[in-house]
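Per Swiss-Prot, the features are as follows:
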TRANSIT   1-34  transit peptide
DOMAIN    61-203  domain 'Thioredoxin'
DISULFID  Cys126-Cys129  disulfide bond
ACT_SITE  Cys126  active site, nucleophile
ACT_SITE  Cys129  active site, nucleophile
REGION    242-279  region 'Disordered'
Amino acid sequence: MAATAAQAVAVKGSVAVPPCGSRGRRRGAVASVRMAAAAATSALRIGRRSPFLGRRLAVGPRRSRPVPRNLVAPVQMNLAFAKATKWWEKGLQPNMREVESAQDLVDSLTNAGDNLVIVDFFSPGCGGCRALHPKICQIAEQNPDVLFLQVNYEEHKSMCYSLHVHVLPFFRFYRGAQGRLCSFSCTNATIKKFRDALAKHKPDRCSLGPTRGLEESELLALAANKDLQFNYTKKPELVPSGDAAAAQELDRGSTKLSPPAKPLVKQGSEERSLVSSGR
């Protein structure tokens, strides 16, 4: 009976506890049982509150965290600053400016008087124009009395067609009553052509007539271009008055010698008498 009682197990709750042994072991077993029961109860409560109870959890690709606004702002400012900086606006001198319209070009040439004016036709996408731009700015700085007008081909393409500009970079020199002095195309490698033309036409000259500017054929072509808001009326041809016409005729007669009078021969007489203008 004693052996049977020793082998018997007393059931308390749902845990089997041997009837014999130290009390410390019994207390430890009871404590572990209580802790396991408390953990199970806590897990059950959390499971009831969780929205994923009894559902499948889909795991997708990892998403990057949004960047704070204070970090994005400097990047946007740098990009905006880079877009605003244009190569043809760098290094400009006080005597350099960009033409805004056909009327602006005509007025600028007319109001320049006897000063030398250089019209620079360029394009933002032209590599030769970009390479030549720093040297043109340097030349403009060395010649403050020369006016440099820049014409953007991309913004004034229709006007350039009317002015027969089909190659870039392209330059035209104008001065006073002489109008257009020369026109040519040059690159960074042929900058000597530009310097030679500047040295030839830079010396001051006094015009005796009004400032000419563009040719009349070019003005008519600009006026006929429907894409441009430019008006021009052909100047009437001046008819010389009577005194002016007589003076012009006298000038022509003084330069040309009149041929001598031919002798006249009387027919029907035996003697042939020569009648001259002096007899």
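Backbone N, Cα and C define each Cβ position, glycine as well.
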Overall pLDDT for the domain 'Thioredoxin' (61-203), taken as the rounded mean:
90
On a simple 10 Å Cβ count over all chains shown, which one of the disulfide-bonded residues Cys126, Cys129 is most densely packed?
Cys129
Which of the three DSSP states, helix, strand or coil, fits Cys129 (disulfide bond)?
helix
